[in-house]
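I am attaching a structure below and will ask some questions about it afterwards.
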Protein chains: 2
Amino acid sequence: MIILGVDPGLTRCGVGVIEAGAHRRLSFIHVDVVRSSPDMSQDLRLLAIYNGLVEKIETYAPDTVSIERVFAQSNRNTVLGTAQAAGLAMLAAAQRNIPVALHTPTEAKLAITGNGHAQKIQIERMVTRILNLNTMPTPADAADALALAICHALRPAGALQGGEREEHLTPAQRQWAEASKKATKRRFNADRGM
Amino acid sequence: MIILGVDPGLTRCGVGVIEAGAHRRLSFIHVDVVRSSPDMSQDLRLLAIYNGLVEKIETYAPDTVSIERVFAQSNRNTVLGTAQAAGLAMLAAAQRNIPVALHTPTEAKLAITGNGHAQKIQIERMVTRILNLNTMPTPADAADALALAICHALRPAGALQGGEREEHLTPAQRQWAEASKKATKRRFNADRGM
């Protein structure tokens, strides 16, 4: 199963591709950053990001696209561009009938380090170790994209069924399920107003 | 000159099309709302809105697409979906080399009523009068899309040159230029963080 992770952004949009094999064995395929220049008008920036994402999706033909879930509470200065870039990634996947998974940064941190509040450097080190890389993936936003792909591959089985099977979860899986439920609730509240 | 106005939204995205002829004579061409169901997943909702906008743009072949500029300060519950819908409208235009204009709600209100704080009903009445319609356009979000198209057609000449020609502007045009400068400044500040 090929998973393409997207760390959305208008100036730098991280893309990381991994393969998830049997026994949760993960291997590295590709990492890159799709860019648009802040000197361009917003419509041309969005076109550049969209075209870059389409190229990646068509090259690596993922089975799932795993995108960071953006919240309105995020950094005010960048949140709209980030939401728009995430929207373009969703569009590019939906146009090709590729399922989309949204994961919060907390979910990604939990899945990779077991700690939902892990620092950037811890994420980078664990991504490097999990994927058996010799050096840390660069640039840093690319590591975040790989983390989102890994997060989707390693998600606990219970994460898909919501709270039903919580009694069977390990403590880490329970933490995950709680973070996931919280995110779903926030999304539900946000969607109600739309 | 054909202008297609977009009042962005994920549940309801207003589209209004007008023709701007000689002597600022404006005529009505089309008004509609592109919808997506809140029951669908977010990626499929974005795909539905994008496909609807592409159909409108290909049918009416506008010379300019005039879209409401979205601010992070807007309603928290809907701002991300609104920003994503605006992003899709920009993408659909940019893919067809159609210039995009972004106008703030204040600019649209000023252009149509001479009052940047006009109420919705005043906007609807003036849109109806300006376009010589027998009845008010429905639904209301469709009127907003027409207002954005009209706003672009009626923008004062000085609005394009920034502050350079301010001494030649009428009081209404000066108000407009100030609102426009303020919006540009906010956008500049927002872009710096991206």
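Cβ atoms are placed via backbone N, Cα and C, with glycine included.
Pulled these features from TrEMBL for this protein:
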- A:Asp7: active site (ACT_SITE)
- A:Asp7, A:Asp141: Mg(2+) 1 binding site (BINDING)
- A:Glu68: active site (ACT_SITE)
- A:Glu68: Mg(2+) 2 binding site (BINDING)
- A:Asp141: active site (ACT_SITE)
- A:162-194: region 'Disordered' (REGION)
Which secondary structure state does DSSP assign to A:Asp7 (active site), in the simple three-class scheme?
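The residue in question, A:Asp7 (active site), is strand (DSSP, three-state).
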How long is the line from the C-alpha of A:Glu68 (active site) to the C-alpha of A:Asp7 (active site), rounded to the nearest angstrom?
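On Cα coordinates alone, these residues lie 6 Å apart.
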Give the helix, strand or coil assignment DSSP yields for A:Glu68 (active site).
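In the DSSP reduction, A:Glu68 (active site) maps to strand.
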